[in-house]
Amino acid sequence: MNREVDHIEATRSCRDAKQAGQEPRDKLSATQEYQVDLPRIERAVREILLAVGEDPDREGLRETPARVARMYAELFRGLRLDPRRHLKKVFTEKYDEIVVVKDISFESVCEHHLMPFMGKAHIAYLPGGKVVGLSKLARVVEDVSRRPQVQERMTEVIADLLIEELDAKGVAVVVEAIHTCMTVRGIRKPGAICVTSALRGAFRTNPSTRAEVMTLIYNGRQ
Ligand SMILES: [Zn+2]
């Protein structure tokens, strides 16, 4: 199948399924200095267990509220981090070809259902005189992924902060993910993959540069 058509259709069906086209663009704020209120989560989880007819005091569930509270603190720790910190150390380089890092695995949480979505992010940029350590791109994905969000916004947030912090001539971010809110509930379509992309700078405006970066990202894949 034509990869581009496949990609566009996947993107559209993802949008339709999640009605996320109207999400406001997330501009990353500075590091927020607050701690997760673990006791509050514990009380809420206990309420959920009571609401579904469970006995939160039975042996198997006794530690669950505390465990879930710690889990949320971990899954949402990106809310207290500023991913830009990874992009402060850049190197001046004359290299002016596309840099691509593929298959950066991540786990995030869908803000509509608070269920995990996970997959891979592929990042490409066209340096404008500055390059950054390749592992830093993976660290940016890690920080941004650890918050409640929709995949579309996550993709755009990563692209925006890379083009801003690196003064890159172009940035392309492609995210492929499986959403457990689609696989274990609701429409229940295991294996459905949502693909989203965000293109900035030359990758957006120059068709041949865009074709080149998409070939690099999808090279060797279906
Ligand atoms: Zn969802």
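Any Cβ shown, glycine's included, is placed from N, Cα and C.
Annotation source TrEMBL lists Zn(2+) binding site at Cys110, His113, Cys181. Secondary structure from DSSP puts Cys110 (Zn(2+) binding site) in a beta strand.
The annotation compositional bias 'Basic and acidic residues' is assigned in TrEMBL to 1-28.
If you look up TrEMBL, you'll see 41-217 marked as domain 'GTP cyclohydrolase I'.
The annotation region 'Disordered' is assigned in TrEMBL to 1-31.
Cβ neighbours of Cys181 (Zn(2+) binding site) (same chain, under 8 Å, six or more residues apart in sequence): Cys110, His112, His113, Met115, Phe117. Of the chain residues outside the Zn(2+) site list Cys110, His113, Cys181, Val109, Glu111, His112, Leu114, Met115, Phe117, His179, Thr180, Met182, Arg185 have their Cβ within 8 Å of the site's Cβ mean position. Of the binding-site residues Cys110, His113, Cys110 has the largest number of other Cβ atoms within 10 Å of its own Cβ.
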